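Chemist: Take this structure first; my questions come after.
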Amino acid sequence: MTKAEAKARIAELRKAIDKYRYEYHVLDRATISDAALDSLKHELYALEQEHPDLITPDSPTQRVGGKALAKFAKVTHRRPMLSMEDVFSPEEFAAWSARIEKLTEHTNSQLPTPYFCMPKVDGLALSIVYEDGLLKSAATRGDGKVGEDVTQNVKTIDSVPLRLRSPMGVKLPKTLEVRGEVYMPVKEFDAYNRKMKKEGKEPLVNPRNAAAGSVRQLDPTVTSERPLAFIAWDLVDDLGQARQHEEWELLREMGFKAAQAKLCRSVEEVEAFWRALQEKRDTMGFWIDGMVARVDDNALYASLGVVGKTPRALVAWKFPAEEATTVVKDIAWYVGRTGALTPVAVVNPTFVAGTTVQHASLHNLDEIERLDVRVGDTVILYKAGDIIPKVKGVLMELRPAGSQATKAPRKCPVCKTDVVRREGEVAIVCPNKRCPAQDRENALHAARAFDIEGLGPQTVSQMLEQGLVKSAADLFALKVDDLLKLEGFADVSSRKLVEAIKAKTRIPLDRFILALGIRNVGEETARDLASHFGSLEALMAASEEALTQVPNIGPVVATSVLEWFADSDNRDLVASYRKNGIVVGTGEKRAVSGAFAGRTVVITGTLSTLSRDQAKEAVRAAGGKAGESVSKKTDFVLVGENPGSKADDAKRLGISILSEADFLRMLRKS
Ligand SMILES: [Zn+2]
């Protein structure tokens, strides 16, 4: 990005962020999620770090908290309460650390100083000033310079010492300031809300709001009824400690609660601690939204200084958000196995729900039109139990001038054949039967049906390009010497792949039918066909009438099967499988009795005692079908840990939901 581009983007981001803040704080209307707003601020922050001369005092990054409310007395902080830089991904944390290493002119592989890491409590920041060891005043952060005087309220919090204990061997100065976070423990929050509901009163929204709202009460008796706690995280005054962690110890000795912290000596150790905190997040007893890492050495800490309103020597490493914003660089169209073109948004790398993503699903042209997604747009991405995130919406405020509506391609992006739109279908299709993209997807689909290990998309592409194979059937004629021609293949790896392929020459009938890649014939339909016809010959000879008599098979599938076998290229494919030594088994009869006889079960989430494939197998053995998506035809949805959107679909359609325990009980009964 050029400087001029950065300047323009910074201006747009500031305008949009201010608008969303105004809507949220003044109009009480949340038009964008906290996570998405954070993501925009993060992009702005990163751009300003690259171009520090573009930082202006009115930038949203220079704003620390809310302005002090008029009704509380104002307190000018002895030293400004600064804010922290946020990072989200391991890459961003490593970049922060690299910057520290560079600034401290450090060249060894060891860090210049250990990082002192602690959970980031999600509450309300407070400054508490003691004089001669007695609590004198307490203030909120306010705008960082001037906060609100909440002394009377803070005095009602049990974990705030009213008188400091004297630590061994340290003389306390006349004035001493401690900073930390007020929070409402989750257990207390739940109990308080139960009580409120019982009394018919309005419950509190969440522990973070509860803490902030309780401290900023004009009547201290209200605060005293709220179960609040305080964790200290900073000793402001210099009592002669050389290290941050020593000050932390001192805070404990003075009578403050301090959360579990860790001194980390490498970036890997920091990451491990961050991950451990994330896992413990729900059992900590209070809300945390990330981890704070500080340069442990106080002299280095001070020498690193402050940029804008954020000190360089500490960073907040936030936990992954379910939503993030990014910019669409391109809209690409991928050609699938059946020739259908699927649009995918290619985006600037961003961190969503724990992974860095560069692609987002757009589903189809209708979805693009509904969202009006264009190249250059800033979009909100979200994840819903899927690997590839989806586009939730476009931030119209950030749309560049002169952007063009996204149009469907006229030609296949791979083979340049004119695309067609099948009657009554949304999908745009490349009709070229010899389209290289379709050949590749078909070969990969077959390799999956044959369960061949170690055969990835790149290898298959190379084989097709070099003419080693024309279809999946040719895989079974490959020799070690052939593979040596491919990039990345040596003697051992070639031998291994040839063996892996040769090991799969015997295949059950249903898997073979699946491998053929007939339109509308998935795993379950392939089983129905195999079970009914019993042999490949019988299926190939079946008439339309015979096909429609198969249970669960309608006219659409029947037509697909007939059309497929009527095509001479496809019959040649079957012949070359045979020529290359493939032995197709016979179809097994479906179990007709059992707990799930005639029922369809869809599985979502992770099960603790069974893999997904084992659960599907159990459903089939009990006479049922394992469905892939939830529809009105679904009888049960088996819901495991971290279920996807299928669980919501089930609720919406009123389909019976089974827990893993229910499922196992039903199986045992049958
Ligand atoms: Zn094509």
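Quick reminder: no glycine exception, Cβ is built from N, Cα and C everywhere.
According to TrEMBL, the protein has these features:
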- S83, M84, R141, E181, K318: NAD(+) binding site (BINDING)
- K120: active site, N6-AMP-lysine intermediate (ACT_SITE)
- C412, C415, C430, C435: Zn(2+) binding site (BINDING)
- 591-670: domain 'BRCT' (DOMAIN)
Chemist: By DSSP, how many residues in the domain 'BRCT' (591-670) are helix, how many strand, and how many coil?
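Modeler: Counts, helix then strand then coil: 29 helix, 17 strand, 34 coil.
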Chemist: For R141 (NAD(+) binding site) and the residue listed as 'active site, N6-AMP-lysine intermediate', what Cα-Cα distance in Å is obtained after rounding to a whole number?
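Modeler: The Cα atom of R141 (NAD(+) binding site) is 16 Å away from the Cα atom of the residue listed as 'active site, N6-AMP-lysine intermediate'.
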Chemist: How many other Cβ atoms sit within 10 Å of the Cβ of R141 (NAD(+) binding site)?
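Modeler: Within a 10 Å radius of the Cβ of R141 (NAD(+) binding site) lie 23 other Cβ atoms.
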Chemist: An 8 Å radius from the center of the C412, C415, C430, C435 Cβ atoms defines the neighbourhood of the Zn(2+) site; name the other residues of that chain inside it, in order.
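Modeler: These residues sit around the Zn(2+) site: V335, G339, K411, P413, V414, K416, T417, V419, P431, N432, P436, A437, Q438.
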Chemist: Can you tell me which of M84, R141, E181, C415, our binding-site residues, come within under 6 Å of ligand 1 at the Cβ?
Modeler: C415
Chemist: In whole Å, how far is C435 (Zn(2+) binding site) from K318 (NAD(+) binding site) when you measure between their Cα atoms?
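Modeler: Distance between the two Cα atoms comes out at 45 Å.
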Chemist: Which residue, of the binding-site residues E181, K318, C415, C435, has its CB surrounded by the fewest other CB atoms within 10 A?
Modeler: C415
Chemist: Can you tell me whether DSSP puts C415 (Zn(2+) binding site) in helix, strand or coil?
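Modeler: C415 (Zn(2+) binding site) sits in coil per DSSP, no helix or strand.
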Chemist: Pick the one among the binding-site residues M84, C412, C430 whose Cβ has the fewest other Cβ atoms within 10 Å in this structure.
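Modeler: Taking M84, C412, C430 as the binding-site residues, the minimal 10 Å Cβ count falls on M84.
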Chemist: Determine the mean pLDDT over the domain 'BRCT' (591-670), rounding to the nearest whole number.
Modeler: 85
Chemist: With DSSP assignments reduced to helix, strand and coil, which class does R141 (NAD(+) binding site) get?
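Modeler: DSSP assigns R141 (NAD(+) binding site) to coil.
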Chemist: So how far apart do the NAD(+) binders S83, M84, R141, E181, K318 get, largest Cα to Cα in Å?
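Modeler: Pairwise Cα check on S83, M84, R141, E181, K318 gives a maximum of 20 Å.
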Chemist: In sequence order, which residues at least six apart in the same chain have a CB under 8 Å from the CB of K120 (active site, N6-AMP-lysine intermediate)?
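Modeler: Same-chain residues close to K120 (active site, N6-AMP-lysine intermediate) (Cβ under 8 Å, separated by 6 or more) are I288, D289, G290, M291, V292, A316, K318.
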Chemist: What's the CA-CA gap between M84 (NAD(+) binding site) and C435 (Zn(2+) binding site) in angstrom, rounded?
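Modeler: The Cα atom of M84 (NAD(+) binding site) is 53 Å away from the Cα atom of C435 (Zn(2+) binding site).
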